[in-house]
Amino acid sequence: MMESGVPVCHTCGEHVGLNGNGEPFVACHDCNFPICKTCFDYELKEGRKACLRCGNPYDENLLDDAEKASGDRSTIAAHMDKSQDAGIHARHISSVSTLDSEMTEDNGNPIWKNRVESWKEKKNKKKKTSIKVEIEAQVPPEQLMEDKPAADAFQPLSTVIPIPKSRLAPYRTVIIMRLIILGLFFHYRVTNPVDSAFALWLTSVICEIWFAFSWVLDQFPKWYPINRDTYIDRLSARYEREGEPSELAAVDFFVSTVDPLKEPPLITANTVLSILALDYPVDKVSCYVSDDGAAMLSFESLVETADFARKWVPFCKKFSIEPRAPEFYFSQKIDYLKDKVQSSFVKERRAMKRDYEEFKIRINALVAKAQKTPEEGWTMQDGTPWPGNNTRDHPGMIQVFLGYSGACDIDGNELPRLVYVSREKRPGYQHHKKAGAENALVRVSAVLTNAPFILNLDCDHYVNNSKAVREAMCFLMDPEVGRDVCYVQFPQRFDGIDRSDRYANRNTVFFDVNMKGLDGIQGPVYVGTGCVFNRQALYGYGPPSMPRLSKSSSSSCSWCGCCSCCCPGKKAPKDPSELYRDAKREELDAAIFNLREIDNYDDYERSMLISQRSFEKTFGLSSVFIESTIMENGGVAESANPSTLIKEAIHVISCGYEEKTEWGKEIGWIYGSVTEDILTGFKMHCRGWRSIYCMPLRPAFKGSAPINLSDRLHQVLRWALGSVEIFLSRHCPLWYGFGGGRLKWLQRMAYINTIVYPFTSLPLIAYCTLPAICLLTGKFIIPTVTIYSIVFYLMPVIPLILFASHR
């Protein structure tokens, strides 16, 4: 720590320097804590005037000198080119100084932090110096003056369009009016019991109160509905400048399937083809297909799909066709020549349709072959047994079909990456169904491509709008909007629904009304498909702009819900589970900040840093994956060996990888319910993230809806079961996530509504049977009818009549 008698700064690793007398600079004369002048000035600027080690205040004379010097430097610094470097230095110091006072040397954290900062400062200086020299050498000054971005590059990428007050005011008026009327109605009902049929009267009142409670939960989250508009042209002007590589963020697509006999491989193939043909830079797109049933049929179908994609993708991009799923494109009953000007389009379309029909025949042949499983199991073309013959006991499998050297389309252009993934399964392990499969894809994609954003689709939801990802990037890549956005949710739209929609598959009220209302609060709920995630949000980190929870902040009291209202002189102790979660979040957030450039370290430094932070306890025993979690902008090191990455990817999908980690508890898709989508989005909102609802004019994705009553009832039953599971779990919105106040109350009401709605069936059945019981027994649930009582019974209906007449 010493060189030429001058100590090294304990914060940034540089020499502390000399004072005016030529002696080493000393900030604290009580403990002689080594800190350089730059770090000391920054500490004063941030308002910290006490020693980092002993806590004693700095000498007043030293503080006065520093204030004078900082005042002189402030006028000069505005004209210097090195302000950016100073800002980076300051940010590094800020993170260290706010945490060092809480850490001890028992766990090695201060030493670890100092090494990180020292390495980072040295590497940053070398990197910036080399980059600056290269830029000055390559770009002439006159060209720098001429290269000005387009005006659109500085415009916002999206805008909020409020609902006109002329439409909202009547709706809100009716809500308030009906709420008042309900209060008067229940006052009358409670104060006028029916003694002769007290049990029936009490049952009816309880049912009516539940109905009113459900109505309130359903109406008030719609209080602030909004619309949004995006500007894709501005996105291109900002991130896709002519003559330069595209700066759009990479996206990893997840497609999950289980049983190819229930989920037709042709439908899955169309979903994959629509992804590969997206209007997005090919090097920014990677498609991961999860085969959780380890079916050889799924694997062989994907082989055929990859081969057909070499023809289909260039055809789509050449003629800008929509949609880019061949089955649905060729089945459209529209004029396919509209807006087409190329003379070769008709000829190439006919050829492509013929190729697709041949592709369908090959897929159908594979399906017919798979109807009967051989006694000895399936065998691959090279004669080796298929590893997934036992669907409950098989190793992990990964196959990269496209996206590597030599895998190009028929025109010689690069194709997006296509990866087949089947996670390992062994008896005695919990695999957590779809949520576990999605988490396996998160880890595999982090190791192989590590895109900063993830878009998940069900196997029967194809991309209907080739610019859908650009729509989402208008929010996620907007520096003003995207910082706190955990995901962008698109509405679900379906093909094959009859005009009457007899099974209510469209869910119009939910997707066109409720979700817009939630978008005006903290964002829509996650509905399981058609959603673009911020990868950092899936890792359990909080949003960058959210202030950390104070360790001295108190929890809510049992009476009022806040400890300063009814108990101003006392502070209630914080719940231990909340303290633990807050500590974990702060530890992870600090780790992200301090290990931004871990890829520049050698193997020894890297392993030491990771072990010091105990990342293995959170993310599992994979140094490659852990390194990927702290790269906010994603990406994989160029020096990475592909074969090594594949081995690591196999490791992270092993069945025992998640044991004793936070997977499914705090990070990734959350376990504990068959409706893992609601639970996962709820956890993100509790951390302070917000979500965005995106409704482009052309639906982004389309799926297949249940076509018979049996399938529809099974689907609704599964949703209801998942809601009950959440209600009975520790993640119930009635009591979870109150620490920190990061979940808004109207948002909480919406989540409560999603978990209590199945219980409405009980009072509904009871209320419907009351009239029959009254007729059989001759007893009634209301007192003697008078003009006065009739008014109370009609009052709840009046607001509905007024609202209907307004419409």
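Each residue's number is its place along the chain shown, starting with 1.
Keep in mind that glycine also has a Cβ here, set from the backbone N, Cα and C atoms.
Residues annotated as active site in TrEMBL: ASP292, ASP677. Taken from TrEMBL, the feature UDP-alpha-D-glucose binding site covers SER256, LYS262, GLU263, ASP292, LYS433. Among the features that TrEMBL reports, Mn(2+) binding site is placed at LYS434, ASP458. Under the heading domain 'Cellulose synthase RING-type zinc finger', TrEMBL lists 7-59. Marked as transmembrane segment by TrEMBL: 750-773, 785-804.
A map of TrEMBL features onto the structure.
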residue: SER256; record: UDP-alpha-D-glucose binding site; Cβ contacts under 8 Å, 6 or more apart: VAL289, SER290, ASP292, LYS434, ALA437, GLU438, LEU441, ASN456, ASP458, CYS459
residue: LYS262; record: UDP-alpha-D-glucose binding site; Cβ contacts under 8 Å, 6 or more apart: none
residue: GLU263; record: UDP-alpha-D-glucose binding site; Cβ contacts under 8 Å, 6 or more apart: THR257, CYS459, ASP460
residue: LYS433; record: UDP-alpha-D-glucose binding site; Cβ contacts under 8 Å, 6 or more apart: ASP292, VAL674
residue: ASP677; record: active site; Cβ contacts under 8 Å, 6 or more apart: VAL525, TYR526, VAL527, GLY528
Sorted by sequence, non-SER256, LYS262, GLU263, ASP292, LYS433 residues with Cβ within 8 Å of centre, UDP-alpha-D-glucose:
THR257, VAL258, ASP259, GLY293, LYS434, ALA437, CYS459
What parts of the chain pack near the transmembrane segment (750-773), using Cβ distances under 8 Å and only residues at least 6 beyond its ends?
200, 203-204, 206-208, 210-211, 214, 217-218, 221, 514, 518, 521, 525, 678, 682, 685, 720-721, 723-724, 726-727, 732-734, 781
CB contacts for ASP458 (Mn(2+) binding site) [other CB atoms within 10 A, all chains]:
22
Identify, among the recorded positions ASP292, LYS434, the residue whose Cβ has the fewest other Cβ atoms within 10 Å in this structure.
LYS434
Just report the maximum Cα pair distance in Å for the recorded UDP-alpha-D-glucose binders SER256, LYS262, GLU263, ASP292, LYS433, no decimals.
16
Taking every residue in the domain 'Cellulose synthase RING-type zinc finger' (7-59), what is their average pLDDT?
73
